[in-house]
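Positions annotated as active site, proton donor by TrEMBL: H128, C728. The active site annotation in TrEMBL covers E694. What TrEMBL records for E694 is active site, proton acceptor. According to TrEMBL, the (6R)-10-formyltetrahydrofolate binding site annotation covers Q110, F111, I112, D164. Taken from TrEMBL, the feature NADP(+) binding site covers 592-594, 618-621, 651-656, 671-672, K778, 825-827. The domain 'Carrier' feature in TrEMBL is assigned to 339-416.
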Amino acid sequence: MLWRGSQALRLFSTGQVYFKNKLKLALIGQSLFGQEVYHHLCKEGHRVVGVFTVPDKDGKADPLALAAEKDGTPVFKFPRWRVKGKTIKEVAEAYKSVGAELNVLPFCTQFIPMDIIDSPKHGSIIYHPSILPRHRGASAINWTLIMGDKKAGFSVFWADDGLDTGPILLQRSCDIEPNDTVDALYNRFLFPEGIKAMVEAVQLIADGKAPRIPQPEEGATYEGIQKKENAEISWDQSAEVLHNWIRGHDKVPGAWTEINGQMVTFYGSSLLKSSVPPGEPLEIKGAKKPGLVTKNGLVLFGNDGKALMVRNLQFEDGRMIPASQYFSAGETSVVELTAEEVKVAETIKVIWAGILSNVPVIEDSTDFFKSGASSMDVVRLVEEIRQKCGGLQLQNEDVYMATKFEDFIQKVVRKLRGEDQEVELVVDYVSKEVNEMIVKMPYQCFINGEFTDADDGKTYDTINPTDGSTICKVSYASLVDVDKAVAAAKDAFEKGEWGRMNARERGRLMYRLADLLEENQEELATIEALDSGAVYTLALKTHIGMSVQTFRYFAGWCDKIQGSTIPINQARPNHNLTFTRKEPLGVCAIIIPWNYPLMMLAWKSAACLAAGNTLVLKPAQVTPLTALKFAELSVKAGFPKGVINIIPGSGGIAGQRLSEHPDIRKLGFTGSTAIGKQIMKSCAVSNLKKVSLELGGKSPLIIFNDCELDKAVRMGMGAVFFNKGENCIAAGRLFVEESIHDEFVTRVVEEIKKMKIGDPLDRSTDHGPQNHQAHLEKLLQYCEAGVKEGATLVYGGRQVHRPGFFMEPTVFTDVEDHMYLAKEESFGPIMVISKFQNGDIDGVLQRANNTEYGLASGVFTRDISKAMYVSEKLEAGTVFVNTYNKTDVAAPFGGVKQSGFGK
C-alpha cells in the first residue's frame with residue numbers, strides 16, 4: 001500500500017539471535033526502509049528467495065535492489081503487476097518460481113494483485129505507518145500530524161482485498177512531540193522501530209504465534225493522498241491548526257501560500273509560546289494579519305491571536321532559504337575559494353556525479369533535484385561528504401537550500417569557514433515519564449553552546465533521594481573540560497557577539513530566558529524534585545518561581561547600570577571632565593550548592609549576565625540536572641555561544657581548577673565555610689581574582705513571651721523545616737523565653753505530628769527526603785552527638801523506615817551553649833531550642849551572637865522598641881522581625897563574620 005515520508009538512513013545494531021523456525025520470503029517494495037528490513041531478516045536467518053521492486057530510475061537502482069543484487073538474491077523489476085485488472089502472466093510465473101512461503105511488503109508503491117497476495121502458504125504482511133484503523137490510505141503520517149493526533153505509530157497487518165483493512169498482527173505507538181514533523185516522527189520512531197517490528201512479525205509467523213486481530217470499524221478513517229494542489233494553507237484557523245497543517249506537509253508535498261504573487265512553501269514550523277519578537281511585516285495573501293520576518297524565522301498568526309514560527313521557505317524555482325533572510329535573499333555574496341577549498345569542491349563534484357549518473361557533466365548550473373535526485377539521494381550526499389571531506393557535517397536542509405552545484409559549493413565553503421553558525425542545538429536527553437509528563441534531561445557538559453561528553457569520557461550517577469535509584473549518568477568534567485569552558489567564555493567576552501551587544505539587547509535575552517523558565521516550570525520543578533528531593537509544590541513556587549523573578553529583575557537592570565560625572569578642581573578653566581564607567585569584569589566562575597540548585601544558579605548568574613560578564617558554572621555534584629536544562633533553555637533564548645557554560649563534576653577537580661584559573665576574574669561560591677576559605681586562598685594566590693562568598697550559618701531566632709504565639713510556632717517551624725531544613729538561613733538555634741518555652745515546644749511537636757512525610761511529587765507531601773545519603777548519615781550523627789552531650793531529644797532523631805533518604809523532623813530542648821548542637825549547623829530538619837530567663841534581653845543577645853557565623857537571624861515580639869533594639873544588636877546580614885524566610889531578589893542578601901561577604 002502507499003504511504004509517504006522522506007527516508008533517512010538509520011544505523012543500529014541488534015544482537016544476532018537464531019530461532020528454530022525460518023521462512024522463505026519474498027520482499028515486495030522499495031526504499032531504504034525496505035533495504036534495512038531485508039538486511040535484518042537475512043541477519044536473523046530467514047531466506048529471502050526473491051526481491052520484487054521497481055525498475056531503475058534515471059539509470060539508478062532502488063536501494064533494496066542494490067542490497068539484494070550485492071548478495072546474489074534474485075531481483076525482479078516489474079513496472080506493473082497487472083493490465084486491465086488482470087495479473088500479467090509472465091510476472092505471476094516469475095513470482096511463483098521463487099517458492100516463497102510469505103510475502104513481506106515493508107514499503108510498496110505498486111498495486112499487487114490478490115492472487116499474488118494470497119499465493120504463499122502464510123499469505124502477505126504489510127507495514128503501515130498509522131495505528132489502524134485510523135488513517136488508512138497513502139498519506140497516513142501526514143494526516144496523523146494534520147489532525148493533531150497525540151499518538152503516532154504503525155501497524156503490521158495481514159493483507160486482504162481492502163485498502164489497509166486486513167487483520168492486525170502487531171502495533172506500536174509513540175507520543176507526538178509538539179513540533180514533530182513527518183521527518184522527525186519517521187526518523188525517531190517509525191523507521192527504526194518499524195524495522196524491528198517487521199522482523200518480529202515474520203518470526204511470530206514462523207513460530208506459529210502470529211495473531212489475526214480484526215480491525216474495528218469504530219474510529220476508522222481514510223484520507224487520500226496529499227498533493228501540492230490541495231496543500232494550500234487556509235488562514236482563518238487557530239495557530240495550532242495552522243502549525244499542524246504545515247508540519248503535516250513537511251517535506252512532502254509542502255504546505256504553501258501566495259506571497260507577492262508567487263507560491264511559497266513553508267517548512268520547519270513550531271508553536272511560539274513566548275512573546276512575539278520584533279520583525280519586519282510581510283503581507284500574505286488570505287491572512288488577516290501580516291507575518292513578521294524576525295531574526296529567528298517567519299512568525300505567523302492564527303485567528304485565536306496565538307502565533308507560530310516557520311524556519312525555512314521554498315520558492316517556485318526550488319530555491320530554499322532561511323525564513324529570517326526573506327528580505328535579504330538576493331544579497332548573498334560569492335566567496336573566492338582557497339586551494340584547499342578547491343580540492344573539497346572537486347571531491348564533492350565527483351560525489352554529485354556518482355549520484356547523478358544520468359548527467360554527463362556536473363556544471364555550476366546543475367540542479368540536484370531537477371537532475372533526478374530524490375530525498376534518498378540527499379541522505380547519500382550528506383553521508384558521502386562526511387566520509388570523504390574530513391568529517392564535514394552537513395544537514396539535509398543544506399541540500400534543499402542550495403540545489404544548484406555552484407550554490408551548494410558556496411554553502412559548503414561558508415560552513416567550512418565557520419560562517420554558517422545557525423546550527424540547531426543537539427541534545428542527547430535522558431527521558432523519564434513521571435509526574436504525568438515526560439521530562440527530558442540533558443546530562444552532558446555544556447561548553448561553547450554545545451552539549452558534549454567529558455573529555456576523558458568519565459561519568460557518574462546522579463541519585464533520586466526519594467528511593468535511592470539512579471536517575472541517569474552525568475558527564476564528570478575533567479580539568480581539560482574546565483579549561484575549554486573558560487576559553488569559550490573568554491572568547492565570547494573578548495571577541496564574540498556578547499561583548500559587542502548593547503545593554504538593552506542583553507536585557508531582551510534575559511527576559512526571553514525568564515519566559516522560557518516560566519513556560520517550562522512544571523518540567524523544571526519535576527526535575528528539581530527528582531534530583532534534589534524538593535517537594536514539588538515548593539519547587540514550583542520557590543526553586544523555579546524565584547528563579548524566574550530573579551532573571552526578570554536583573555533583565556531590567558541591564559540598561560540602568562550607570563556611572564557618574566565628578567566635579568574636580570581643574571574642571572574650570574581647562575574644561576576637564578572626569579567620569580566613572582562601570583564595566584563588566586570578564587569571565588566569572590560560579591560554584592553553587594545542592595539545596596536550591598536552580599535558584600542558586602539564578603541568584604548568581606542573572607546579576608553576572610546583566611553586567612555583561614560571561615560565566616562558567618559548576619553545579620553541585622549531586623544536583624546537576626536543572627542547571628543543564630537551564631543551559632538548553634539559554635540556547636533557545638538566543639544567548640550566543642560561550643556566554644554560559646555548565647560543567648558538572650566534583651569540587652575537588654572542577655571547582656578547584658576554577659578557583660585557580662588565571663583567566664577568571666571573579667568567583668562566586670555558596671557552600672561551607674571551610675571550602676570557602678580554601679577557595680579564597682586559591683583565588684588570592686592564582687591571580688588575585690575577586691570573590692563573593694555565602695558560607696555557613698547558625699542563625700539565631702529569639703522568641704519573646706510577648707509574641708503572637710500561634711504565629712511564632714508556625715513561623716518558627718518554617719524557619720527550621722522549610723525545604724527539609726536544607727536552607728542556608730535556617731534558624732539553627734531557637735532561644736525561647738522561659739515563661740512560654742514549654743507551651744511552644746508542645747505546640748511544635750503537635751504540628752510536626754500533622755506533617756506528611758513522603759514522595760515529593762505528591763501534592764499533599766509536607767516533608768521530602770534529604771538531598772543525598774551522606775547528608776542523611778551526617779544528620780543522624782548530629783542527633784547522636786546531641787543525645788550524648790545531654791540535650792533532650794523530644795521528637796524524631798531517626799531515619800524514616802522507607803526507601804530513600806528520609807529523616808524525621810526532630811526537636812531538641814535543654815541545649816546548653818557549650819554543646820555541639822549549639823555551635824554547629826545541622827543543615828537539616830533539626831530544631832535546637834534553648835531557654836532564656838524572662839526579661840533577659842541583653843543576656844540572650846550575647847548568647848545569640850556568640851558564634852562565628854552571621855548569615856541571618858530573627859526576633860518575635862509585639863514590642864516594636866524591643867524588636868528594633870534586638871535587630872540592631874544582632875550580628876547578622878539579615879534580621880527577620882515577626883516573620884522568617886522572606887527573601888526577595890530586590891533586597892541585598894549575604895552574611896557577616898565567617899558567613900562570608902558580598903551581597
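Each residue, glycine too, has its Cβ placed from N, Cα and C.
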* Pick from Q621, Q656: which of these binding-site residues has the biggest number of other Cβ atoms within 10 Å of its Cβ? -> Q621
* Asked: DSSP helix, strand and coil counts for the domain 'Carrier' (339-416)?
  -> 49 helix, 2 strand, 27 coil
* Looking only at Cβ atoms, how many others are within 10 Å of the one on H128 (active site, proton donor)? -> 25
* Asked: Among the recorded positions F111, D164, K618, E694, F827, whose Cα is within 10 A of the Cα of C728 (active site, proton donor)?
  -> E694, F827
* Structure fact -> Whole-Å Cα distance, K778 (NADP(+) binding site) to E694 (active site), is 21
* Asked: Of all the binding-site residues given, K618, K778, which has the fewest Cβ neighbours within 10 Å once its own Cβ is left out?
  -> K778
* If you average the pLDDT over the domain 'Carrier' (339-416), what number do you get? -> 84
* Using Cα positions only, nearest of the recorded positions to I592 (NADP(+) binding site) (Q110, F111, I112, H128, E694) -> E694
* Just the number: how many Å between the Cα atoms of Q621 (NADP(+) binding site) and I112 ((6R)-10-formyltetrahydrofolate binding site)? -> 60
* Asked: Over the residue list Q110, F111, I112, D164, recorded for (6R)-10-formyltetrahydrofolate, what is the maximum interresidue Cα distance in Å?
  -> 14
* From the Cα of D164 ((6R)-10-formyltetrahydrofolate binding site) across to the Cα of I653 (NADP(+) binding site), what is the distance in angstrom? -> 60
* To do: Counting Cβ neighbours within 10 Å across all chains shown, tell me which of the recorded positions I112, C728 comes out on top.
  => C728
